[in-house]
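Peer 1: What TrEMBL records for 8-410 is domain 'Enolpyruvate transferase'. Here TrEMBL flags K24, N25 as phosphoenolpyruvate binding site. Feature annotation from TrEMBL assigns UDP-N-acetyl-alpha-D-glucosamine binding site to R94, D309, V331. Positions annotated as 2-(S-cysteinyl)pyruvic acid O-phosphothioketal by TrEMBL: C118. Per TrEMBL, active site, proton donor is recorded for C118.
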Amino acid sequence: MPEEIIIVRGNSKLAGTVAVSGAKNSALKLMAASILGQGVSVVHNVPLISDINIMADVIRRLGATVERDGHTLAIDATNVTECETPYELVSKMRASISVLGPLVGRFGRARVAMPGGCQIGARKIDMHMIGLEALGVNFEIDHGFLEATTPNGLHGAHVVLEFPSVGATENMVMASVVAEGATVIENAAREPEIVDLVNMLNAMGARVSGAGSSIIEIEGVPLQSMHPCEHTTVGDRIEAGTFLAGAALVGGPVTVTGIDASFLRMALMKLDAMGCEIEVEGDSITVSRTEPIQAIDIQTLPHPGFPTDLQAQYMLLASLAEGNSVISENVFENRFMFASELVRMGADITIEGHHALVRGVERLQGAPVSSTDLRAGAALVLAGIAAEGETHVHEISHIDRGYEDYVGKLRSLGADVERTVLP
Ligand code: UD1
């Protein structure tokens, strides 16, 4: 099959205003949650990206119908009868396992292919299982499938998560909303996407409080009282952060709209420390820079700490900073593959375990590079915009998984970037 790549001509500017799409990591879970609604739920502001298409296939496979009208999805979960998600879909997208919680909630059972490792680490699902087991779910592994049953129904429980896992928190919330009695999740993930999911579940009849804090409390309601709803997905803080990193890289000013700046507090603090000007007004954020980039230390942590999904974009900034930066990756054990691609463009980066020592260089050079994951891919295109000469970014299907019309949005900001199919 002919390969499509992104060609970036460097030394270019980024300036202007760009609208942020709905959050990928929210919309995927909102689609899964619609299974509990047993009717037609309507979700607005859903990004046009390939991961959403995979989730649509996952829930269609369960018997739902999914219709798209622009950025709005109508999901009819009335005829969901199947409980199985096959390997061919889970292997394409790990987030497919977020149907586990709603399926055990609605049917008391589920059969979901076990996700394997992925490029950014082993990514176990032990915390999903421990949390759901506390609610009464029995698991068996059957030829690569996780078989979930609830011999005595779902009941509330008090669970302390070992780590505030986003996926485990979401699966537990989606199952416990229809469990008998009360559930408390301690050390819950606090990401804005969890708040968005809980807002939708509450609009469907659930009784959940505390989302956005580390203790989430759920008062179970009967499944029959859950109903479909209409919901608008929150803006994508990682997409916003990516464009703002681009502004910091080449000077901007770039304004992103459709994003709550409180979702990006730590990322904006770091841009400020790197020497950027930041303005927040309503749902828009503007970043510009006139002074040299200052070196900075960053450690990725669960929200509200610095997001791992912006680590590559900020490593790029550090690579052109004055001085040395240390970046520590604490969320995924193997998320530095981006560094070796950036080194091919002239960056000076040494990896020691989960720390990266980034010594600032004066310039990067265009080169052929490969997206190693979706955020790395987006950061490589930005690197090409700042570099001298031409950069060819390969494996761009990673970028299409999570960024709606990335090339079009960058072009609208003045970047010289295009998609092309290689002969
Ligand atoms: C979600 C996001 C992803 C983001 C990540 C952390 C989606 C679709 N993806 O992924 O973009 O980078 O949050 O903000 O929303 N872990 C275990 N056992 C478990 C579950 C997780 O060991 O049962 C580990 C993982 O391997 C990882 C860490 O915990 O090292 C964080 O994972 P988690 O917060 O669950 O991330 P995801 O929900 O997979």
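Cβ atoms here come from the backbone N, Cα and C positions, even for glycine.
TrEMBL labels come from automatic prediction, so no person has curated them.
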Peer 1: How far apart, in Å, are the two Cα atoms that lie farthest from each other among R94, D309, V331, the residues recorded as binding UDP-N-acetyl-alpha-D-glucosamine?
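Peer 2: Greatest Cα separation within the listed binding residues comes to 16 Å.
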Peer 1: With a 10 Å radius around each C-beta, find which of these binding-site residues (K24, N25, R94, D309, V331) has the fewest other C-beta atoms nearby.
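Peer 2: Fewest other Cβ atoms within 10 Å, among the binding-site residues K24, N25, R94, D309, V331, is found for R94.
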Peer 1: For V331 (UDP-N-acetyl-alpha-D-glucosamine binding site), just give me the three-state DSSP call.
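Peer 2: Looking at the DSSP assignment, V331 (UDP-N-acetyl-alpha-D-glucosamine binding site) belongs to neither helix nor strand, so coil.
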Peer 1: Among K24, D309, V331, which binding-site residues lie by ligand 1, judged by Cβ under 6 Å to any atom?
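Peer 2: The ones that qualify, in sequence order, are D309, V331.
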Peer 1: In which DSSP state, out of helix, strand and coil, do we find N25 (phosphoenolpyruvate binding site)?
Peer 2: helix
Peer 1: Rounded to an integer, what is the Cα-Cα distance in Å between D309 (UDP-N-acetyl-alpha-D-glucosamine binding site) and N25 (phosphoenolpyruvate binding site)?
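Peer 2: With the alpha carbons as reference points, the distance is 11 Å.
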